[in-house]
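*Asks:* Not my notes, these are from TrEMBL:
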{"type": "REGION", "residues": "1-22", "note": "region 'Disordered'"}
{"type": "DOMAIN", "residues": "109-224", "note": "domain 'Dihydrodipicolinate reductase N-terminal'"}
{"type": "DOMAIN", "residues": "236-376", "note": "domain 'Dihydrodipicolinate reductase C-terminal'"}
Amino acid sequence: KKGIKTVRHVPSQRSPAAPEDSARYLRDIPVCQSGPSLSGTHPQAAPCSKQAAAAGDMLSLRPPHARPSQSPWRRRGRLGGAAAPRCVGVAAEADASERVASPPRVSFPILVNGCTGKMGVAVAEAAASRGLHLVPVSFSSREDLDRTIQIGHTDVRIYGPSAREDVLSSVIDEFPDVIVVDYTTPDSVNLNADLYCKFGLPFVMGTTGGDKQLLYKSVEDSKNYALISPQMGKQVVAFVTAMKIMAEQFPGAFSGYNLEVLESHQAGKLDTSGTAKDVITCFEKLGAPYDMNRIVKIRNPEQQLEMVGVPEEYIDGHAFHLYHLTSPDDSVSFEFQHNVCGRSIYAEGTVDAAIFLHKKVQSKDSKRIYDMGDVLREGNMR
């Protein structure tokens, strides 16, 4: 069909079928060429629905008769199990986190801007559990949202935009060594950063979007302390960093390979995954060219449940990524996945970033823009 190409894939060697029978499992897979977004509200969603299902089939290397009913996103591991994450409940996550040895506790005031959102609340809760002093104020983009929310043992007052400067001035008087963490909205990134720089407030920017060049220029011109990273998950950052090193040291290693990319996030995430773009850039340097518009974005909850295999309790908070490479003759394939359920990985990483930045301020290190790579290299993380 017009706009559709066919890709042949060889089944997994772990197929129960004999190797000599593998040829009969070669199949033509239609893949959407127009940069599909698998969101129920996206205008391309309906035309690409068949391609979406086919994309799922493309990423399952089992022969048809051996394919199980669960998500084709999931992979057979060494013991025949699924390699998609076994996401535990929130209570189990909390129990597991308590068993992880943590570095010596530090305590300083932290202001989380964005406590009206789930990510902001998650960071505030993680900060409180790590022994940081949660400043009892936050801000909203709405003037009429004047209320108080409870986070741990702290009642956090939410102020509208017009009160930001007066409130921040009072916060600085009372908490001169405060660190600000921003998890607001993309259209607030630059305005908020300008405000933090105006007051000389060290800040961690976890919000994605905005004008990135202007953001960096504002911080550099103000000579302020800042840590800016679109990805706060430490392990994901380590993976992306490893990909960058591989791309630098082995350019062209995947020349001629075909790359397919799928990413799934909660429906509220409107933009394409920045992490996916970073990894794709690495693969391009490795010799596998890719049009960013071809990234398959999955935002439809039903498809996330059935095709991707996201646990139902994490439909509103997950980040699944899959990169599939195939050699020119279809005889070799590589696959990379990083799948996150919930927000704890980002919340803990953000708290580590705030602790890192606080240490830089206290030791009077260079006033510059840091990132999560600096945090990883520093060590002493939870």
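Heads up, the Cβ atoms here are built off N, Cα and C, so glycines get one too.
Remember, it's a predicted structure, so these values are computed and weren't measured experimentally.
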*Asks:* If you run through the domain 'Dihydrodipicolinate reductase N-terminal' (109-224) with DSSP, how many residues end up as helix, strand and coil?
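*Replies:* The breakdown for the domain 'Dihydrodipicolinate reductase N-terminal' (109-224) reads 50 helix, 28 strand, 38 coil.
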*Asks:* By DSSP, what is the split of the domain 'Dihydrodipicolinate reductase C-terminal' (236-376) into helix, strand and coil residues?
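*Replies:* For that range the per-state counts are 64 helix, 31 strand, 46 coil.
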